[in-house]
């Protein structure tokens, strides 16, 4: 070998001597090896031998791929991971913003998407109730893992397709504990507790989550005793187990027992969480245990969780339920929460304490702070509008709901129906009802009860027919509304049919109020003896409400015999019931038995029983104006009595004659007529006439039943002034227009 060849071979073997500063040793060896093969002048055979021997030497020294190649491979892997991560983020962003079509377009452009990316899009479809798209995508998956199967199973349950969920569960090649637990939850969600129970006990393996799910399902379906039995059988319990059981017992009317269970939880060494404290505070609120609730509040402060949103809201509710609204406000002010849940808790608490004006101020504060009210917020604030009987405020709240796109929401719609109905605007209630997209049983009940209160018997029956036609199952409230409508409209035979149907087919739903309504129907139609027999043969003990309904019917039909028996039974139950004395006294007065009237008044005086004074009021521009018979305290009294004198003359011109039988005092006829003219409802109507624009409707509320003479007079007044006058008394609404009342003179 020549010197030149030797130098080349040495250069090849040593390698490092020819490396530049920026090239590493491995790269230099490979580069020099390539150069030697390309430019060596030695014979080819020798070159091959030399090359092969050198190659073997190098490959023996290299245990792994060269570093430069490894780095490039790792870069490729990192690039793939970064691409998958970016795809996940993009898909999540599209789904979160409900851009499902864009998410699908992105997904279609991903080369060989993983099972994880498939699952993300499937869950997105299911969350937006596009189950068919989710199922189609699931069918296209080349490989399905347990997560994708479980996600599709949960998606079917979330979309309400239980049959498809069961089919998928049966087709799963391998079921893990999550699959079984998801299916158990599905059965529980659809009320199939027995099937869920069987599936639970057939599980090959039950983890803590499965036990907790079954306990939660028992509690949600009212089977709290079964939940407690399963809880005691658990091999091991965590804080979720205890909290679920405590909350479940509280939600099922066993608040005291839930507080005892909490003591056992502490004894077992379990540390409570925010959810535990939340459940405890709700239990204290339900049993009105102020002392224990304050102790829990102190504990929350000591562990530093007083600013937790999930504790702050039930803490406000606790103090509000215990009539400590000032302390509830302190909790709210100390936290300065921007959560709608906390604001709603304070708003609801003020409403529960009859501070309806403050509740409306809190609602306005929410809006000013940029906190958007939810369905619960609207329910509470509209209840406060009902408490104030302020339909104008209710309309303002309705406007806010429209701006937020919640006008057609079923929960907001139900609250609006109740507000308009109770404030005398049944037509507006019906308009809201028609706009609700998916009506639930509460929607139908609210409209049926509202129509019944307004004496719209035919409307009520039509609504019930539509309810049955669309497949909504009526409940006990539905039948109460139907019987009430029959009572107010004199539909005796319809009432009998409904009552017979409930007795025969819905015996479990038969409640005391259904018997009360039926007794009222019979009594109003003059079937007093039959009503009395129905009450005596009831399977449960009659309460004072039922005997009072019969006594009121006796007053209507002047039946003293039945009235005296009903009054005696009523006074046996409630010895200090002023209504029993007043109604019986009025019956004696109408019959001219003034000695018996005096005897009733003496008994009331000796027993310290005071008659509830009649009171009527009008809510105008957020202010309530109250009136009692004959009083002159109002600043506009002079104008009010001038308007009454003008109406008195007009009434005579239109042929109105006072019915003096409704003046239940032993005085002269002229004095009786004057007393009738100044009843509280007439004062309220006169005030509204002098305080509102001509032609605008008038709504008057009264705490007692409107008297017959005032009912006749108001029909004439509505015709004289050309206005619609709505009067809500203790029984129902009367809508007067053009000399006619909506009750058809039957109330």
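Each Cβ is built from the backbone N, Cα and C atoms, and glycine gets one as well.
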Looking at 1-21, 22-42, which one does TrEMBL call region 'Disordered'?
-> 1-21
Secondary structure split (DSSP) over the repeat 'PPR' (440-474) reads 26 helix, 0 strand, 9 coil
Residue numbers, six or more beyond the limits of the repeat 'PPR' (207-241), whose CB comes under 8 Å of its CB atoms | 177, 180-181, 184-185, 187-189, 191, 193, 196-197, 200, 247-249, 251-252, 254, 268, 270-273, 276
